[in-house]
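S.K.: As annotated by TrEMBL, compositional bias 'Low complexity' applies to 67-78. Among the features that TrEMBL reports, domain 'Major facilitator superfamily (MFS) profile' is placed at 21-472. Residues or ranges marked as region 'Disordered' by TrEMBL: 58-79. Taken from TrEMBL, the feature transmembrane segment covers 21-45, 131-151, 157-178, 190-209, 215-236, 274-298, 318-338, 359-376, 382-402, 414-436, 448-467.
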Amino acid sequence: MSNTEKGGLHRVRNFLSCRQVLNLLTMLGFMLNYALRVNLTIAIVDMVRPNVTASSGNGTLAGNGTTGNSSSSVTTSSPDGVDVYEERFPWDTYQTNFVLGCFFWGYILTELPGGRLAELIGGRRVFGHSMLWASLLTLITPLAAHINYVVLIVVRVVLGFMLGASWPAIHPVAAVWIPPMERSKFMSNMMASSLGAAITMPICGYLISVAGWASVFYLTGAVGLLWSLAWFTFVYETPATHPRITAEERREIEEAIGTTTSKKRPSHVPWGQLLCSPAVWAIIICHGLAVFGFFTVVNQLPTFMSQILHFDIKQNGLFSSLPYLGKYVMAVASSYLADYLRKKGTLSTTATRKLFTTFALVIPGLLMILQVFLGYDATWSVTIFSLALFAHGAVTAGYLGNGLDIAPNFGGTIFGLANTLSSFGGFLSTWMVGALTYHDKSFHQWQIVFWILGATYISGAVVFAILGSGELQPWNNPPERVKISDVTQEEGVPLKNEK
């Protein structure tokens with residue numbers, strides 16, 4: 001390597017450390033993760049023919065007859081006066097909701113296996129490949145819709161299958177790359193999905209008006225491919241295998257992590273000890289209750305405001321984006337504060353996790369109780385809705401990354417297990433609201449929903465306050481049963497002592 005090349009590499013190292021690059025790409029990755037997931041939610045409004053009612057006895061995959069030949073072609077004018085030619089499909093309400101919901105069939109299947117796989121072969125591979133294949137599937141989504149309704153269903157299920165592995169896969173990445181006292185800040189990158197929501201919706205809405213609904217999938221898929229290229233180019237499994245890391249940064253990471261994360265990846269999960277650990281169940285139960293509340297707030301409150309208050313929050317760009325932006329700001333701010341308090345020794349890890357979890361869940365719980373009494377007013381409802389999401393962002397400094405505190409070697413498995421069970425929260429919240437308001441859509445019935453939400457949020461905080469812990473668990477380093485192949489370890493080059 002020439003002196004010029006060495007000087008250029010040195011300047012790059014001084015500008016961005018390997019951890020900063022990892023943080024940046026992780027944040028962008030979760031923003032794209034959301035975009036790849038919800039692009040259909042935005043585009044489907046323009047994909048479906050208006051005023052198509054549910055057909056009696058014909059809302060099935062086999063009998064809907066929705067092939068590419070049954071679609072209709074329309075020409076619309078963009079804001080610039082350019083005609084946009086696109087096809088629309090004769091899907092009724094049932095079929096539309098079916099294609100939106102089938103994503104979760106695949107999503108729920110790979111949460112736990114994805115976390116464990118990331119522990120065995122590395123989070124870089126699992127997270128990167130899940131996003132890469134999801135991007136490719138997104139690019140072919142318009143083609144799938146034109147071929148056949150069933151083909152589109154299959155693509156969406158496989159897309160969920162891929163993206164389901166991405167969330168738990170990031171925990172093993174943090175276990176080997178991020179010092180324990182910086183992990184709250186790193187986990188706040190997961191909340192960049194909320195930032196992705198605030199950005200994706202208006203951009204995709206504009207794209208549809210200018211270039212048609214298919215452009216949404218082409219743009220998000222193409223950006224996903226570019227991100228995948230950057231991820232596999234600049235991110236490596238461990239500091240020891242990174243060719244561009246400085247000796248100083250590698251030593252800082254390895255000394256900070258110490259023996260909490262094994263260099264030899266454990267070949268098996270101590271399931272008995274893991275499932276009998278109160279600290280693990282604190283995460284699982286708390287995450288399940290918190291996600292149930294969050295899904296209900298995000299998915300059902302707009303329905304309440306539309307049906308009861310006749311106020312369409314989705315049509316107001318500010319009210320649609322502000323809660324998500326606020327949630328991300330809270331996630332970052334609370335995570336920095338949590339790591340600061342831990343580094344200074346002001347609070348122990350256990351006290352920090354319990355404090356921020358309590359804040360992130362009790363505040364929304366109290367706000368939902370306030371909604372019982374003030375929810376009949378649109379202004380109050382929007383304010384309460386926004387504040388609840390804002391406060392909920394503090395979970396990144398609370399229980400969300402707690403698996404890395406108690407068992408960094410199995411952080412992916414713990415989060416995968418918690419997220420698998422919590423995924424049912426979305427279905428359960430929809431069923432609950434439907435059951436309570438099916439025959440009676442009065443404000444009284446919605447008051448029952450708000451009481452349940454308040455109790456759910458506060459119960460999650462109470463469970464974590466009693467069972468939660470920030471202490472490293474003794475089963476984090478189980479004895480090996482068999483010799484592990486050297487291929488999967490990627491030990492890297494030993495760090496030389498440099499003065």
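Every residue, even glycine, has its Cβ placed from backbone N, Cα and C.
Heads up, TrEMBL stuff is auto-annotated, nobody curated it.
Worth saying up front: this structure is predicted, and the values here are computed from it rather than measured.
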S.K.: So which residues does the transmembrane segment (359-376) touch in its own chain, when a touch means Cβ under 8 Å and the partner is 6 or more beyond its ends?
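M.R.: For the transmembrane segment (359-376), the list is 286, 289-290, 293, 297, 304, 308-309, 334, 384, 387-389, 391-395, 397-398, 443, 446-447, 450-451, 453-458, 460-461, 464.
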S.K.: Determine whether the transmembrane segment (414-436) and the transmembrane segment (448-467) share at least three Cβ pairs under 8 Å, counting only pairs 6 or more apart in sequence.
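M.R.: In contact, yes.
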S.K.: Short question: most Cβ pairs under 8 Å with the transmembrane segment (448-467), which of 190-209, 215-236, 274-298, 318-338?
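M.R.: It is 274-298 that shares the most Cβ pairs under 8 Å with the transmembrane segment (448-467).
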S.K.: With the transmembrane segment (274-298) as the reference, find which of 131-151, 190-209, 382-402 contributes the most Cβ pairs under 8 Å.
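M.R.: Counting Cβ pairs under 8 Å, the winner is 382-402.
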S.K.: For the domain 'Major facilitator superfamily (MFS) profile' (21-472), what's the model's average pLDDT?
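M.R.: Looking only at the domain 'Major facilitator superfamily (MFS) profile' (21-472), pLDDT averages out to 85.
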S.K.: Could you tell me what the rest of the chain brings near the transmembrane segment (21-45), counting residues at least six beyond its ends with Cβ under 8 Å?
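M.R.: Apart from its flanks, the transmembrane segment (21-45) reaches 96, 99-100, 103, 127, 131, 134-135, 138, 141, 156, 159, 163, 166-167, 170, 173, 177, 185-186, 189-197, 199-201, 204-205, 208, 213-214, 216-217, 220-221, 223-224, 227, 230-231, 234-235.
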S.K.: Could you tell me what the rest of the chain brings near the transmembrane segment (157-178), counting residues at least six beyond its ends with Cβ under 8 Å?
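M.R.: Sequence-remote neighbours of the transmembrane segment (157-178) are 18-19, 22, 26, 29, 33, 36-37, 102-115, 117-119, 122-124, 126-127, 129-131, 133-134, 137-138, 186-187, 189-190, 237-239, 253, 257, 261, 401, 403-404, 408-409, 411-416, 419.
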S.K.: Other than its close neighbours in sequence, what residues sit by the transmembrane segment (131-151), given a CB gap under 8 Å and a spacing of at least six beyond its ends?
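M.R.: Same-chain residues near the transmembrane segment (131-151) but 6 or more away: 29, 32-33, 36, 39-40, 47, 61, 64, 66-68, 71, 87, 89, 91, 95, 99, 158-159, 162-163, 166, 213-214, 217-218, 220-225, 227-228, 231.
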S.K.: Which residues of the same chain, at least 6 past either end of the transmembrane segment (382-402), have a Cβ under 8 Å from a Cβ in it?
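M.R.: Here the qualifying positions are 171, 174, 183-184, 186-188, 190-191, 194, 279, 282-283, 286-287, 290, 294, 297-298, 301, 305, 311, 313, 319, 322-324, 326-331, 334-335, 337-338, 352-361, 363-364, 367-368, 370-371, 374-375, 464, 468, 470.
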